[in-house]
């Protein structure tokens, strides 16, 4: 292969693997269990988080535990982790500590998940399909470290790696947004209804991401 064609091939591969794009109406599909398949979400977050709200849609027929959103920093695993323990049980980890919220839900079925946390009060709250669950207290006064590695599809036990097949996600994830504030109920309901506010940490309509392994982008057909 001559040099111009080689560089075009390399550039095309980089653009495919490292993209910044509007994913409206689309999802990441994770078709299999693995220790390799994942998506890295890139954000220029330079300051520790004192508050946040994270919302996304997911669809899986797994009955075992799995990671939905894994945020690690240097030397700190489970700095921020959204984890499904089993059907009807969702956990939020902040700084390796966790709370779990329970909800009656159909299985298997698509779900819209929002979770918020506020450092000053320590209050963490899940919203499932537009309905708030019982508030819990978690790590009052703590700050979530900046410069994270954020992974979909796997649970990190190190900074960007050390994955476990038994915690991998199989299914679809889309409409993911993250803000550096606790959204009021009306804005969470707007996200559930498909009209979210512009997000300043992660925004599905302007997402910087990197696909690793067998992950496919497909149309969202289950909302």
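The backbone N, Cα and C atoms fix where each Cβ goes, glycine too.
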Given that Swiss-Prot assigns 155, 157 to the Ca(2+) 2 site, pick the one from 140, 167 that the record assigns to that site as well. 167
Listed as N-linked glycosylation site by Swiss-Prot, one of 51, 129: 51
Among the recorded positions 77, 78, 114, 157, which ones place their C-alpha within 10 angstroms of the C-alpha of residue 167 (Ca(2+) 2 binding site)? none
If you compare CA-to-CA distances from residue 51 (N-linked glycosylation site) to each of the binding-site residues 77, 78, 156, 157, which comes out shortest? 78
